[in-house]
Number of protein chains: 2
Amino acid sequence: MAGTRSLLLLPGDGIGPEVMRQVRRYIDWMARKRGIEFTVEEGLVGGAAIDAQGVPLTDATLEKAKAADAVLFGAVGGPKWDGLGFDMRPEAGLLRLRKELDLFANLRPAKVFDALVDASSLKPDIVRGLDVMIVRELTGGIYFGEPRGIEDLGNGQRRGVNTQVYTTAEIHRVARIAFELARKRGNKVCSVEKGNVMESGLLWRQEVTALHRAEYGDVELSHMLADACSMQLVRNPGQFDVIVTDNLFGDMLSDEAAMLTGSIGMLPSASLGAPDADGKRRALYEPVHGSAPDIAGRDMANPIAMLLSLGMALRWSFDLHTEADMLEQAVQNVLRTGMRTSDIMQPGMARCSTSVMADTILRELDKLAA
Amino acid sequence: MAGTRSLLLLPGDGIGPEVMRQVRRYIDWMARKRGIEFTVEEGLVGGAAIDAQGVPLTDATLEKAKAADAVLFGAVGGPKWDGLGFDMRPEAGLLRLRKELDLFANLRPAKVFDALVDASSLKPDIVRGLDVMIVRELTGGIYFGEPRGIEDLGNGQRRGVNTQVYTTAEIHRVARIAFELARKRGNKVCSVEKGNVMESGLLWRQEVTALHRAEYGDVELSHMLADACSMQLVRNPGQFDVIVTDNLFGDMLSDEAAMLTGSIGMLPSASLGAPDADGKRRALYEPVHGSAPDIAGRDMANPIAMLLSLGMALRWSFDLHTEADMLEQAVQNVLRTGMRTSDIMQPGMARCSTSVMADTILRELDKLAA
Ligand SMILES: [Mg+2]
Ligand SMILES: [Mg+2]
């Protein structure tokens, strides 16, 4: 891995390009101040690719994504492309990347920065210090299973069907990621399903248990029903370290957990694939927020989720933990000064632009590196 | 419907009998003070039925349930019956009732009493006045669909399958209940699915929309994706009036919404079936809390959820809205005095027993009826 580190940047649409610009600045900073070099390429995705290249993701860009050590993705979509068919929507660019890179594990941290504890709709005592990682299976389950479809039964009656399917291999590979993550964090995994009423959930529980017994006995494993988990995230989210769950439950629970923090403009995510012969996983990193076309181009967007997505890439794709820590610390320190972009503005704080927020984070990094 | 009003009480196990005893007292009170008479029968269910009759629900009790205007159900289960097989578990009694009475709509109110606003893990400003009704489809969807099961693929690999199925008729009948409920409340229905990735969800959205256009145009209808709903319940639950959704999403969202209130000991629920020739629906009412075997027989349980379950029965099965309102008002007033059972105890309040709580509510009813 040493020697070359390659990144493909796909800024996308809306606020994507302006937050990605701040990522470039941190990459430059690492080269200048830390002697850490990246080979950076950039490509089009989403509406930007539709406009320039006729499709939301070209084969050439896909090949670049496959060749890169990590992909950084901004955001896609906007009213300009709303009328297009399913395969020509900007979102199809992201779906194609996930599918072709076989990114089966979605990592969704829900972390509360001390300075933003009041942004949550939950009481400060409940969410202070919150740091949960949800690992969501991303390429299987009911969103992809066959048979599926809507059938006409006659007499004005129709029937809609979807199929939830999981195999041992699919469960093991995502559970493995959860256990490995837990080892670098609080060493606890909570596996979530509905094994009391779904056989696919029962299989999930049994296979996670078997894998745990065989290879991860040092990690504390618990099991929880998905409805109980949706309750416990509200009641006492601090009890969780890593949660691993299927595509559908992960979809619901990761969004619920994200909202506990009160500030989606702060949250990064990662999607990981299988390790190659060198143990290196395909990976795509992106902010949880969308393209926010209403504020695009106005230097108003919060660049932090995008910067922290780079932070996740530094950590998981490049083992650059010091640089990831520094970035998170810099963000923390700047928030503590009271500087806020509009999306996280609070009474008594100072409202700032995208570029001022990024400038300040870079100056803070200078201090931390000094 | 006038003339006879019949109720079957099934207290069940654990704290079930002691909270049901308080229900009897309110029934007696209505006869004495309001001239409203009920024919009341009582039966065994759950562990109590297993011990006395060998099964968690006898055919004779089931027939009584079918004949009654409404069933009031306490709670079932306890460590004594933990080792029994699937069909002989106490819970099987409840499942049989739901199935045989075809109770396809589960009504789960999430309501915050002013006096308990601090019990929530959410900020008081977010949950004050909260009054959401979740209507969950209860007899269809992925918990019941075929094919289902776990298949051995050889080589240590297995495959778990479940099937989500909904028909037009199933969607219409539950949506109808949601629209009719909304008309008596805030007149707003939010229909929740994942139509963006599931055909069964797309059918759900289309059929709810068609029914709305044909018969309920006066009700405000909106649609939301299930993951967005799990976020919005945390961010701003006050935006919702009635939510209608399928069995699985309803399972997750009703529990999440219940936890927003911070006090599950306060929450009733109803399960409704199809209307008969007289327009009367089969109905079962029960508290959301369980049988709490650890505190059973100690006069410690909170009787309010059970009493409010009777309140729901008065409202939905007997059109006794005044008596339902009075009961809710009495509960509200008693909470305002600072009286609390252990489960909702807060600093500065007065801890009381099950019977004292019920005594006080009855005295308050006397005042309200005076
Ligand atoms: Mg989601
Ligand atoms: Mg549930």
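Heads up, the Cβ atoms here are built off N, Cα and C, so glycines get one too.
Remember, it's a predicted structure, so these values are computed and weren't measured experimentally.
Classification of A:G78 (NAD(+) binding site) by DSSP places it in coil, neither helical nor stranded. Per TrEMBL, the feature NAD(+) binding site maps to A:78-91, A:290-302.
The Cβ of A:R108 (substrate binding site) has 23 neighbouring Cβ atoms from other residues within 10 Å, across all protein chains displayed. Secondary structure at A:R108 (substrate binding site), as computed by DSSP, is strand. Among the features that TrEMBL reports, substrate binding site is placed at A:R98, A:R108, A:R136, A:D227.
The feature Mg(2+) binding site is assigned by TrEMBL to A:D227, A:D251, A:D255. In this chain, no residue six or more apart from A:D255 (Mg(2+) binding site) has a CB-CB distance below 8 Å.
Residues annotated as domain 'Isopropylmalate dehydrogenase-like' in TrEMBL: A:6-361.
Here TrEMBL flags A:Y143 (among others) as site 'Important for catalysis'. Residue environment of A:Y143 (site 'Important for catalysis') contains 18 other Cβ atoms, counted within 10 Å of its Cβ in all protein chains.
For A:K194 (among others), the entry in TrEMBL reads site 'Important for catalysis'. All protein chains considered, the CB of A:K194 (site 'Important for catalysis') has 26 other CB atoms within 10 Å. In the three-state DSSP scheme, A:K194 (site 'Important for catalysis') is classed as coil.
Filtering A:G78, A:P90, A:R98, A:D227, A:D251 by Cβ distance to ligand 2 (under 6 A) retains the following binding-site residues: A:D227.
Between A:D227 (substrate binding site) and A:P90 (NAD(+) binding site), the C-alpha separation comes to 33 Å. Our reading of the substrate binding annotation (A:R98, A:R108, A:R136, A:D227) yields a largest Cα to Cα distance of 28 angstrom. Neighbours of A:G78 (NAD(+) binding site), defined as other CB atoms within 10 A of its CB across all chains, total 21.
Under the three-state DSSP scheme, A:A296 (NAD(+) binding site) falls in the coil class. Here the C-alpha separation of A:Y143 (site 'Important for catalysis') and A:R98 (substrate binding site) works out to 14 Å. Candidate recorded positions A:D82, A:Y143, A:M300 yield A:Y143 as lying near chain B, with Cβ-Cβ distance under 8 angstroms. Among the binding-site residues A:A292, A:A296, A:M300, not one has a Cα within 10 Å of the Cα of A:R136 (substrate binding site).
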